[in-house]
Amino acid sequence: MLLIKNGRVMDPKSGLDQVCDVLVQDGKIIKIASEITEEGAETIDATGLVVAPGLVDIHVHFREPGQTHKEDIHTGALAAAAGGFTTVVMMANTSPTISDVETLQAVLQSAAKEKINVKTVATITKNFNGKNLTDFKALLEAGAVGFSDDGIPLESSKIVKEAMEEAKKLNTFISLHEEDPGLNGVLGFNENIAREHFHICGATGVAEYAMMARDVMIAYATKAHVHIQHLSKEESVKVVEFAQGLGAEVTAEVAPQHFSKTEALLLTQGSNAKMNPPLRLESDRRAVIEGLKSGVITVIATDHAPHHVDEKNVEDITKAPSGMTGLETSLSLSLTYLVEAGELSLMELLEKMTYNPAKLYNFEAGYLAENGPADITIFDAKADRFVDSHFASKAANSPFIGETLKGQVKYTICKGQIVYQA
């Protein structure tokens, strides 16, 4: 038995927000009350700390199989636990891609060994070829939770329509990475800084929001659910809002980096600040925050994208891979740039990091209730935290190293077990 005493218990599902005790047994929460005494229970003193549902991240890259020099499922799960996450959804752009039942089963076997809940999508098209759909039905039955070709946009509108129709038939959805290659230059650099500082043609805003406009309208026509991944532009928020206003089933996520920083970070952090989509303008940063506040964007997801130090430290920054490690800084960035900045209440933030992402996939997660799962994150929302280069992840490609942020995870509890302790 585990007894959590005197914490500020916050549950976005029920709206519970009060100082009380939580008793855990056999992977479940068995009691939430103002005062619980339990002889012999292991006790955590959570005085002054927030006791929240375990965080849920629906967009991570754990690089297994095929790229385990960057990360693997085990180190990814450790990074998740250190960041307060108890449930994550891996993307399928591995080597080989997760496009068939055999590869999926091997990945899920590896995931099952971890102390947190590690789930995965499968690809929309076979080996990312953009032309032939995978066997959605067989992959769902084998344990995939959804479908995404994240990393590579789907250029064929015909395939997008077919994928949406198939997903709708099976009561699932597809998640899309929106960057039209035909409208884009060098990825990872926003068009403004690319032109002015790097003297190259960079990643354009129109490549994101034009492709999104196509796909949300196909979703509208097919009455299918589409989830837009890591949007970054002011116009993109408007596109989602427009589609939702029409009655289309469109959901969207934003990554912490896109509401925290702008393209200028490339000048001080170099390749660690290079990502797809890129960091944008201050007007875009403000717009995605407004999208979170209005409810147009319902989910915060990291797009945790670890890379080996040698891959990032190349002479020509345009040759460095895009992406940053995100699981261990997500909560702190969100507390700093949303809650401390007065943009969202702590409860509103937690909803976008726990209940909403869990609800999207119908996971039994993201809430605190008696008889519910004992997936719990305990953190100090006010603590100052200096981000150093020591991560649980294999990778340290974070542009936030050296920054002081708000918020420190103290305990992560999954299935009733302490899986991380600061």
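Note that Cβ sites are derived from N, Cα and C of the backbone, with glycine treated the same way.
Per Swiss-Prot, the Zn(2+) 2 site holds His177, His230; the candidate it also names there, chosen from Asp135, Asp150, is Asp150. Annotated Zn(2+) 1 binding in Swiss-Prot involves His59, His61, Asp150 plus, out of the candidates Asp11, Asp215, Asp284, Asp303, the residue Asp303. The closest partner of His307 (substrate binding site) among the binding-site residues, by CA position, is His61; the full candidate set was His59, His61, Asp150, His177, His230.
When the alpha carbons of Phe62 (substrate binding site) and Asp303 (Zn(2+) 1 binding site) are compared, the span between them is 10 angstrom. Comparing Cα positions, His61 (Zn(2+) 1 binding site) lies closest to Asn93 out of the binding-site residues Asn93, His230, Asn276. Classification of His59 (Zn(2+) 1 binding site) by DSSP places it within a strand. Here the Cα atom of His177 (Zn(2+) 2 binding site) is found 5 Å from that of Asp150 (Zn(2+) 1 binding site). The binding-site residues examined here are His177, His230; by Cβ neighbour count within 10 Å, the least packed of them is His177. For Asn93 (substrate binding site), the nearest neighbour among the listed binding-site residues (His59, Asp150, His230, Asp303), judged by C-alpha distance, is Asp150.
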